[in-house]
Ligand code: GAF
């Protein structure tokens, strides 16, 4: 793929590019916790976006999407949200650097890869992080990876209109081969845990659906969490976010809550606890317990946070009946995309085959499955 990207770049722009790569991510557990100052446990995977970039002596950027086979040119003096939606992930990054008074000079860029779009594997974060990483190197800004993650996150807020947390951008930049990484989204401290793949594989089942409510409901969930925090702050003056809340504190104030807001908040509080318990299980080598936490996470997302959908629920219920699967859950923002499954190595083929069969029978459409490998975060190739 990277050679295709390099050659296409040369054909179109007639320059010698530098190549970069930036991965998508999975999240083992800790969903919708990042924007509540909580914990997440993602990993970068071998679904990646490749970038060919070269500086030019102009005041414009020429962007080419390999997947769309489309070019869009922009004047650096007038970077704003565009009608070309794929370009916005890139323009958003340029705008953030400009806002931070870092000089963005003209450049040509061609990008493309194999992160499925809309599958909940963070193709958008991979694009944002890849460009942030590339420009940081090419123009020598000297920013560290955390600063780049924040640039990429702001790009998503301001140019894609999703008020996402930092998990996806963090995972794309901080991934480490064969490790998952627990991030404290408040302090931004992180710990790598080896993920022993000698007996198990991470299998992704892509529903191939993306229900249209995804981004509006995402922003609604954030507001519901903020509404819950506002109620609790009347009683606990030092409380900043749901990260500071226990189930008991919530129960005590239940009567003041709208029932929907209450269950949203309870889910977040419990999910934070589950991430900590899952990490302990991982440290003890207890993958069975880890898997149980994944199923519990899905149940919360399905019934209390209500960001799942029939296709995801069906796949998780099927996985749960399969003794070769340790744990499964929906992943990412929800309303479609993938489930993540921890599957016994010897059973991977049977598992994907039977999941395909039952999914097709139930929904009349095909399922896509991927075996994900955990890889390093964004890097320069050559
Ligand atoms: C999306 C967001 F981009 C992340 O920040 C995170 O909130 C996730 O949904 C849910 O855990 O991927």
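Each residue, glycine too, has its Cβ placed from N, Cα and C.
Binding of substrate is annotated in TrEMBL for 31, 32, 33, 34; the matching candidate from 218, 236, 295 at the same site is 218. Checking the recorded positions 25, 121, 123, 124 against ligand 1 with a 6 Å cutoff on the Cβ atom leaves no residue at all. Note: the CA-CA distance between residue 156 (Mg(2+) binding site) and residue 124 (ATP binding site) rounds to 8 Å. Per DSSP, the secondary structure of the domain 'Galactokinase N-terminal' (7-55) breaks down as 10 helix, 26 strand, 13 coil.
Here the candidates are the recorded positions 65, 118, 121, 124, 168. The one whose C-alpha lies nearest to that of residue 34 (substrate binding site) is 168.
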